[in-house]
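The next block holds one structure in the form of structure tokens; read it before the comments.
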Amino acid sequence: MFSQNMLIRDGEYTKSIYTMIKEERFQEAINVLNGIPEVSTTRAGLSLLGHCYYQTQDFIEASNCYEYLVNLVPDVPEYKLYYAQSLFQAGLFEEAHKISTTLDAPQLKDKVLQLQSAIAYGNEDYSTAQSLLLQRQDTSQEATVKNDEGCLLFQANMFEDALQRYVSALQAGGFNPHIAYNAALCHYRKKENSQALNYIAEIVERGIRNHPELGVGAQAETEGGARSVGNPPALAASGLAQAFNLKAAIEYQEGNVEGSREALTDLPPRLEPELDPVTLHNMALTDPVGGGAGLRRLAFLLELGPPTCPPETFANLLLLCCKHEMYDTAADILAEHTHLTYKYLSPYMYDLLDALITAQSTPEEAEQKLGVLANNIGGRLRSLAAKVQECRSAPDQNALRVALREYEFALESYLPVAMARAWIPWRADDFQGAEREFRASAEFCSETPTWRLHAAHVLFMRGDRYKEAAAFYEPIVRQNYDDILAVSASVLANLCVAYIMTSQNEEAEELMRKVERAEERKGNANGQCLHLCIVNLVIGTLYCAKGNYEFGLSRIAHALDGGSGARLCADTWLHVKRCVLGLLTGLSKQTIVLPSIAIQETLSFLRTCEAYGLTIPSVLTGPLEETGEQPPTIGLEARKLRALLLRLMEYNNFVSNTW
């Protein structure tokens with residue numbers, strides 16, 4: 001008989017199967033066992049098959065095997081325990097609890113209590129979980145006891161006490177990657193990211209050393225082409241998946257989305273169907289392609305429901321919908337999952353999302369809701385600021401740390417509300433109203449990078465506050481001057497425009513040279529660099545808006561390599577369309593006079609865009625937008641614009657000849 005290219009001779013099945021199990025080649029063992037007809041009716045065969053299925057995390061199949069064993073040998077209570085454990089791991093908590101209550105073997109009492117406590121914990125019934133743990137008679141395993149206590153304290157948001165239990169567990173039982181991860185998670189929730197990263201580094205270092213077969217980092221080295229390692233027991237035992245996901249969460253929280261992606265890329269290579277829910281959730285949030293795949297992944301997880309679905313999924317799906325301005329979709333999700341609203345959304349998060357959705361139909365009502373939120377959190381911030389000042393003069397440094405942490409948490413809640421209040425007038429092009437909202441929130445937020453960035457955008461859009469806008473943009477650029485491409489292209493473009501509008505052309509040129517040199521150094525190793533392209537597009541658009549179409553359009557053509565390069569896409573074409581349409585409007589009204597050579601250059605540019613943009617979509621679609629119609633292309637739109645310009649030239653020539 002052949003199995004995985006290996007011939008098994010008669011009489012050597014037992015030896016071969018046990019060798020596979022010893023070497024943790026469980027899938028091969030399953031394939032061999034399933035090829036033996038007697039396995040499904042014998043105790044030995046079902047026991048081996050159930051064990052292998054359990055180790056490969058196919059808990060449904062494992063539970064089926066142990067269910068047969070319970071009926072086949074009812075006098076062996078261990079099989080009933082394994083059956084209940086398999087059901088629990090499969091997320092079938094009610095069935096697992098029902099089976100566990102029928103177990104009355106004294107020698108298994110502590111294990112049954114442990115399982116029942118885990119079921120209660122999974123059902124978020126923490127008081128029952130604690131009472132069951134207290135009934136255990138065997139307290140010799142101090143590390144396990146401390147870890148369980150830490151988990152219950154963590155769920156009660158008592159992170160400092162939970163951390164102490166985890167540290168005690170590590171001291172009592174030696175290093176355990178799962179307990180070390182729990183300790184790192186406590187530091188993460190306490191905003192102590194450096195300590196959390198220390199634990200993560202140790203988990204990863206030991207995982208790489210002890211399990212080189214997992215191929216940590218192989219995806220990055222092969223650009224995603226590494227062979228999947230699946231979900232072997234070694235991966236579950238190593239804690240690597242949890243560690244890398246926590247590292248990704250830390251990077252994401254600190255605003256380093258690229259670093260978050262890299263952390264997920266360092267995970268042992270697996271196919272998407274093999275990914276655990278937490279990894280799939282985090283990949284959805286950091287998807288570099290766009291929001292579509294991320295939204296679909298989160299929606300898929302939400303449909304799986306608890307306990308498989310991470311509790312953060314519901315809120316993040318709604319926030320991602322709002323980020324992509326899919327407010328109707330967010331409203332539908334809220335309406336379809338009302339049972340999750342009170343379970344997974346805090347009152348603050350619900351009120352914020354409700355205000356964002358309401359703003360689409362009744363902005364005034366949304367402003368009132370956001371105003372109530374802002375006043376409540378603002379009052380709390382003032383009282384916490386006073387508390388921090390009191391603690392600064394007291395000798396208790398721990399009280400000061402707690403007060404500062406509370407203030408930072410409240411500020412994190414206040415900032416999105418302040419941004420949302422400014423966003424409502426921004427959407428209506430009421431930039432003066434948006435500035436007024438920023439001034440109202442300056443008391444608390446003026447030192448936060450997010451507030452300063454968006455305040456700069458508002459001042460820039462005012463059209464007469466370029467100097468003040470530059471004062472906000474400059475620190476952002478200076479902070480990343482050695483890595484200028486880490487700065488958003490829109491920030492660089494707006495700063496250049498602000499310099500030009502305040503007669504600081506030399507500063508604008510120096511900044512553009514800096515960006516150009518950085519792009520030349522980077523080359524094409526990490527994909528297309530569009531920073532300088534976007535800067536030139538924005539500057540060209542500015543000159544067109546001021547009526548200087550000759551220089552503005554030449555700048556735009558230069559930015560897009562004359563329309564023949566890879567920079568031609570829906571994003572960049574939008575700038576071209578606007579400026580050419582502005583030119584056509586001015587020519588038709590005879591408010592613009594353009595030299596013949598400039599018109600010929602524009603026609604040549606549009607002809608090139610037509611040739612190279614034949615298959616490139618010209619419009620940006622939403623992440624979940626699907627239409628049966630063929631989207632318009634840049635080539636088609638360029639041809640129409642060129643035809644309009646030619647017709648205007650013919651008309652103007654006719655008028656000139658008539659006169």
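Even glycines carry a Cβ here, placed using N, Cα and C.
These features come from Swiss-Prot:
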- 3-36: repeat 'TPR 1' (REPEAT)
- 43-76: repeat 'TPR 2' (REPEAT)
- 143-176: repeat 'TPR 3' (REPEAT)
- 178-210: repeat 'TPR 4' (REPEAT)
- 391-424: repeat 'TPR 5' (REPEAT)
- 450-483: repeat 'TPR 6' (REPEAT)
- 533-566: repeat 'TPR 7' (REPEAT)
Spatial neighbours of the repeat 'TPR 2' (43-76) far in sequence, C-beta under 8 Å, 6+ residues away: 17, 21, 24, 26-27, 29-30, 33-34, 36, 82-83, 85-87, 89-90, 92, 230-233, 236
Over the span of the repeat 'TPR 3' (143-176), count residues by DSSP class, listing helix, strand and coil in order. 28 helix, 0 strand, 6 coil
Can you count helix, strand and coil residues in the repeat 'TPR 5' (391-424) using DSSP? 30 helix, 0 strand, 4 coil
Tell me the residue counts in helix, strand and coil for the repeat 'TPR 4' (178-210), as DSSP assigns them. 30 helix, 0 strand, 3 coil
